[in-house]
Amino acid sequence: MNFSVLLFSYFLILGPLMSISSSNWIVCWGGMELGFFALMPLLLMSNLSLSKEVVLKYFSIQAFSSVLLFFSGMMIFSFMIENIAISVMFLLSMSLKLGFFPGHFWVPSVVAGLDWFSCCLIMGPLKIAPLALCTVFLNSFPSFQLTVMSLGVLSAIYGSILGNNQTNIRSMIGASSISHTGWMINALIFGQMWIYFLVYMITLFMFLLMMMKLDYFNAMMNLLSMSGLPPFFVFVVKINVLFSMAQVDAWLLISLLIMGSMISLVFYLKFSYSLILSNKSYKAFYLYVFLMLNLLGAFFIF
C-alpha cells in the first residue's frame, strides 16, 4: 500500500469523524466534503472498465448536491430562514447524498460499475456525515419529521421494487442500499439510526468481503441477513424500529415498510439461491442449509 492510498484513507476516516463529533452544521458539511474528495482518488484506482465513467457520474451528482446543501444550509442554520422551498431543497440534497427517494436514481448504476471495496465505501462510511447532518436538521426542525418518515418509507418500497428488476448482483446491492437507507431515515426519528447503521454496515462489509474471497456460502448467509429474515441481526433492528413507530401510532407507515420488506425478500432469496448454485462443490449441502434457514424464518414469523 503506497503513501497516497494511506493519505486519502486517513482523510476518508477523518471526514465522517469530524461530522459526528460536532453539532455545528458547517463542520458537518466540511467533514462530509472532506470524506467525499478523499474518496475520489480511491475510486479512480479501480481496475473495472466502467469505473472512470461511473466515478465522473458520481462526482457530478455529489458536487451538485453539495452546492444545494451549502446554499440551503446557510439559509436554514445561519440565517434562520424557515421557508418550505429552502427546506425542500435541503431534503433533496440529502436524498442525493444518501441515495434515498427521490434522489436515489444514481445508486444502482454507480454501484454496478465499481469493485466491491469501492461499493463498501460509498454505501457505508460516506453515509455517516449526511446522516449526522440529517440529525441536526430534524433536531432543529421537528415539524419535518413526518415528511422525512414518509420519504424513508417511499425509499424502502421503491428500493424493494427496483431490486426485483436487477439481474446484476452489484445493482441489486445498490437497490438494497436504497431500501435500507429508507429504514435508517425512519430509525433516525426514534434515536435508533446508529444501531441500525452499525448492524447494516457490518453485514454489508462481511457480504462484500465474502464476495471478494469467492466464499459464496458465507456471502449467501450475509445476504439473507440483509434481507431482514429472522433470526438474523437485521431482523432484530427492523423490529425495534417498527416497535418505536407503533408507539406513535404510525400504523400506515408500518404497514408500508412491512410490505416493502416482503417485496425485497423475493430478490434476496433469488440472489441467495444463485450464490448457492455458483459453488458446484457442496451444492446439495448448501441447498439444504438454505431451505432450513427459510423454514426457520417462517417459524419465527408465525
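Each residue's number is its place along the chain shown, starting with 1.
A Cβ is built for glycine as well, from the same backbone N, Cα and C atoms used for every other residue.
The domain 'NADH:quinone oxidoreductase/Mrp antiporter transmembrane' annotation in TrEMBL covers 22-210.
The transmembrane segment annotation in TrEMBL covers 29-46 (among others). Listed as Cβ neighbours of the transmembrane segment (29-46) (distance under 8 Å, sequence separation of 6 or more from its ends, same chain) are residues 4-5, 8-12, 14-19, 22, 52, 54-55, 58-59, 62, 66, 69-70, 73, 97, 114-115, 118, 121-122, 125-126, 128-130, 133.
Under the heading transmembrane segment, TrEMBL lists 67-93 (among others).
Residues annotated as transmembrane segment in TrEMBL: 105-124 (among others). Under 8 Å from some Cβ of the transmembrane segment (105-124) lie the Cβ atoms of residues 12, 39, 42-43, 46-48, 50-51, 53-54, 57-58, 61, 96, 99, 162, 166, 168, 170-171, 173-175, 177-178, 201, 204-205, 208, 211-212, all in the same chain and six or more residues away from its ends.
Under the heading transmembrane segment, TrEMBL lists 136-163 (among others). Below 8 angstroms of C-beta separation, residues 23, 25, 28, 76-77, 82, 87, 90-91, 94-95, 100-102, 104, 108, 172, 175-186, 188-189, 245, 250, 253, 256-257, 259-261, 263-264, 267-268 of the same chain, each at least six residues beyond the ends of the transmembrane segment (136-163), sit close to that stretch.
The transmembrane segment annotation in TrEMBL covers 183-211 (among others).
Residues annotated as transmembrane segment in TrEMBL: 223-244 (among others).
The transmembrane segment annotation in TrEMBL covers 250-269 (among others).
Summarising the annotation, TrEMBL assigns transmembrane segment to 281-301 (among others).
Below 8 angstroms of C-beta separation, residues 98, 100, 116-117, 119-120, 123-124, 127-128, 131, 134-135, 138, 145, 148-149, 151-153, 155-156, 169, 173, 218-219, 222-223, 225-226, 232-234, 236-238, 240-241, 244-245, 253, 257 of the same chain, each at least six residues beyond the ends of the transmembrane segment (183-211), sit close to that stretch. For the transmembrane segment (67-93), the residues of the chain that approach it from at least six positions outside its boundaries are 25-26, 29, 102-103, 133, 136-137, 140-141, 144, 147-148, 151, judged by C-beta separation under 8 angstroms.
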